Amino acid sequence: MLLYIIFGLLIHFVFFASIFDIYFTSPLVHGMTPQFTPLPPPAKRLVLFVADGLRADKLYELDENGNSRAPFIRDIIMHEGSWGISHTRVPTESRPGHVALIAGFYEDVSAVAKGWKENPVEFDFLLNQTKYSWNWGSPDILAMFAKGARRNNIFTYSYDASSEDFGAQDITKLDTWVFDNVKELFRGARNNQSLFSKLNEDKIVFFLHLLGIDTNGHAHRPSSREYLDNIKIVDIGLKEIESTLKDFYGNDGKTAYIFTSDHGMRDWGSHGAGHPSETNTPFVAWGAGIKYPQKVSAQKFDDTYLEEWKLENWKRHDVNQADITPLMASLIGIPFPLNSVGILPVDILNTTDLFKAESMFTNAVQILEQFKVKMTQKKEATLSFLFTPFKPLPDSKQINILRQARSYIKQKKYDESVSLCKELINLALKGLSYYHTYDRFFLGFNVVLGFVGWTSYASLLIIKSHCNLTIGVSKEVKKPSYLLLCSFVALGLLVALFLLLQACPWSYYVYCLLPLPIWYAIVREFPVIQDFVTLLLTNPPKHFVGYLLLFILGIEVLVLSFFYRYMLTAGLIAFSGWPFITPLWTQAKSTSLSWIFFCLLLAVFPLMPVVGRKPDIFLVMGAGLLLLLLSVLVLTSVIRRKNGFLNEELVLYLLQMLSVVLSICVVYGTHNSLLKKQGLPLINQIASWIILASSLVIPLLSPPILFDRLFSILLSLMSTYLLLSTGYEALFPLVLSCLMFVWIYMEQETLQQSGVSCKQKLSTIQFACNTDLTQFQDFSLDDIRRAFFLVFFLVTAFFGTGNIASVNSFDLASVYCFLTVFSPYMMGALMMWKILIPFVFVMCAFEAVQLTTQLSSKSLFLMVIIVSDIMALHFFFLIKDYGSWLDIGTSISHYVIVMSMTIFVVFLNGLAQILTTKKLKLWGRSKSHLI
């Protein structure tokens with residue numbers, strides 16, 4: 001069994017990682033020559049304001065009184081500069097957003113997990129190309145650019161990381177600190193000759209990272225007074241900074257300003273996916289080299305924002321986020337960052353036509369350089385007879401377009417030159433994408449081959465292990481043919497040689513060679529396959545087809561539930577009808593009624609709004625009170641059931657109930673404290689961590705009797721779950737756990753109906769007896785149903801309270817009982833544990849089902865893996881890297897979730913076994929006893 005688990009885990013880790021090699025590898029290439037516009041730039045200096053987490057609509061819209069909440073920006077739009085929407089990409093997080101703004105390229109989706117504080121790979125960026133740059137803001141953002149500096153030209157000023165406190169009384173201090181320190185720098189420069197001379201150089205950048213809006217959005221939501229007031233604070237700060245620079249530089253007209261955001265935010269205070277509220281950020285530019293406002297009578301866009309914002313008469317210039325990088329580079333005359341894929345928005349420039357044409361030509365050459373390097377790398381790594389170049393842009397066409405564009409510039413046909421350069425850029429970008437995805441089909445084919453092979457092999461293992469599935473099938477393993485083994489070895493050597501000649505990375509060897517041993521194991525079992533097919537043909541085909549269609553329908557319902565939560569409701573309603581198609585309804589009516597009631601009750605949750613949208617602390621407290629009521633009923637029942645109820649057990653139950661009461665008090669106290677902006681009370685924080693730490697230990701002190709241990713696990717984990725809840729989701733694990741208890745009883749009744757074993761009271765079954773009892777119970781069609789139930793309940797545990805198929809589904813308010821200072825990894829770990837707690841309930845119940853029904857844990861585990869892998873194969877084919885960013889992000893998340901679920905099932909199974917079977921000693925003696 002252990003060997004199967006290790007081999008299965010290895011395969012699934014490979015399948016999990018394959019998506020990033022096939023679809024989302026780093027787009028960076030190296031070896032290009034820096035390119036810059038060979039003309040005097042319009043600006044000597046540039047100020048970049050990035051209001052982290054600012055949505056475009058919240059900045060541009062008018063308030064309830066018809067006034068702008070950012071009057072300075074509104075005045076810029078109408079009298080001084082250009083404006084529009086900057087369209088960001090997935091993942092809409094701070095790190096990839098700032099990389100796109102300052103380096104001009106879009107990191108692959110996995111960048112969200114690479115960290116905020118440093119660069120995992122080396123890349124060129126705007127600040128690195130300046131003579132000097134001064135940067136103020138969050139240490140998480142500034143550190144990654146400071147570390148990437150090649151010269152001592154980047155100066156950073158950051159507040160302490162502990163200042164990023166979601167529970168702080170005044171979060172706007174994060175922004176006022178930046179504005180105050182910028183003004184202090186210019187005041188101090190008058191008495192510091194070295195600083196004064198640096199500030200008067202050309203080709204310099206001031207970068208102001210403003211985190212207050214994002215922090216207020218997470219803490220209070222984007223529609224809150226705090227978020228909207230923070231916008232007003234930022235607007236005032238922008239006006240003050242502009243005034244400070246005009247005063248310092250004598251209003252020389254050589255300063256360019258750009259105001260934008262790295263990402264937006266959903267209504268519930270999260271971001272990371274591709275919804276317009278996350279991808280639409282403001283873009284306002286003014287000052288040297290920027291075109292003045294243009295009044296127009298009509299504009300065509302696919303939205304209604306202009307009318308909503310009352311800006312329909314002012315020319316709107318939309319840009320892609322990466323386009324801001326070449327714009328900034330051209331304004332101050334520095335080389336375009338080498339990896340930039342941004343296209344210069346020439347319509348925004350207020351310069352000569354010659355400057356626009358030369359800048360666009362530079363932009364085209366810079367992107368074409370990347371295309372050439374990428375093509376050369378791929379050509380050198382591919383056998384010449386297999387290499388297929390990008391046909392729309394051969395070398396001759398590159399030369400002709402560049403020559404023609406240069407000719408147009410000499411002839412002063414600047415518009416024609418700009419148009420031609422845009423055509424070249426678009427072709428070069430398509431070519432970059434072509435070579436970036438060159439090996440996609442080849443790798444995808446090998447991964448699918450491994451997927452299908454593993455699923456087939458797991459099915460064969462089940463077929464071989466259980467005689468009732470293969471009556472008359474010979475289970476003797478014939479000695480494999482030496483020729484067959486040599487054939488697969490030779491094929492493996494040929495594949496390895498092929499990859500070696502093409503200088504492929506080591507991961508290619510894994511994807512291509514892994515299917516070979518799997519398919520070898522399948523082919524050597526060919527006699528078993530033959531006999532099984534013969535067996536199927538001897539039975540009525542309608543039975544086989546019926547079961548197959550039912551299985552396929554179940555899989556499709558599970559797949560659809562990832563897109564439509566109400567499919568879970570449909571599935572649970574269908575589950576509630578299970579007793580009616582079996583003798584259970586007549587022979588175990590009370591248990592059947594309980595099953596129907598809790599199935600229908602759980603079916604309500606997928607129909608409710610996604611958790612976090614409307615927080616309600618009183619629902620959390622209500623869930624805690626219900627749990628206490630249930631605890632009292634159970635405790636009374638246990639006391640009546642046991643003649644000699646041990647004092648230690650009573651103390652343990654009371655301790656766990658006290659933990660629930662403490663959780664309710666902490667939740668209420670923390671909520672009130674944060675509401676009054678008094679921060680997270682230290683005593684509440686300490687209590688929360690103690691409850692979390694003890695939740696995995698206290699159940700091990702309870703008796704290993706099935707019912708007692710399961711209820712102890714429920715009390716302990718629910719104490720933690722209450723601390724991590726913000727609304728109705730606190731009720732979800734309680735209802736789910738009740739259904740799990742009933743499921744155990746239902747499966748026991750089902751087995752008794754089949755006459756396999758005598759019914760045994762759950763109060764007498766001990767988890768310590770949990771072993772693989774394959775010799776007592778063969779695999780049957782009922783076991784396929786049990787495996788499907790497990791997968792369905794796991795998916796329900798995942799999506800029951802919300803679609804967490806994207807990063808933006810996580811609500812930071814969930815962790816405020818534990819910490820409010822921004823700590824991405826700690827907060828992520830706590831939210832992940834919140835997700836896993838319902839999983840643990842389901843897996844512990846499944847442990848009990850295996851024990852009470854005397855099933856083969858190996859075969860059931862393999863069935864679960866098969867169902868999960870078939871789902872994963874669905875999502876592998878549904879992965880997109882085109883279309884809307886919402887679709888792209890969702891397709892990635894679905895595959896990652898299913899693969900993670902498959903891997904987590906193994907670890908959660910181990911955790912469930914520890915929680916259910918292990919026993920700690922208390923007060924110097926073991927509490928284990930038989931009733």
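For all residues, glycine too, the Cβ spot is worked out from N, Cα and C.
Residues or ranges marked as domain 'GPI ethanolamine phosphate transferase 1 C-terminal' in TrEMBL: 430-884. What TrEMBL lists as transmembrane segment is 441-462, 482-500, 506-523, 544-564, 593-611, 617-638, 650-670, 682-701, 787-805, 825-848, 860-880, 892-915 (among others).
When Cβ-Cβ distances below 8 Å are used as the criterion, the transmembrane segment (593-611) is approached by residues 268, 561, 565-569, 572-573, 575-576, 578-579, 726-729, 732, 735-736, 738-739, 742-743, 745-746, 796, 799-803, 809, 811 of the same chain, each at least six residues removed from its ends. Across all of the domain 'GPI ethanolamine phosphate transferase 1 C-terminal' (430-884), the predicted model scores a mean pLDDT of 83. When each of 441-462, 482-500, 506-523, 650-670, 825-848 is checked for Cβ pairs under 8 Å to the transmembrane segment (860-880), 441-462 comes out on top. Here the transmembrane segment (544-564) has long-range neighbours at 536, 570-571, 606, 781, 784, 788, 791-792, 795, 799, 803, 805, 867, 870-871, 874-875, 894, 897-898, meaning same-chain residues at least 6 beyond its ends whose C-beta is under 8 angstroms from one of its own.
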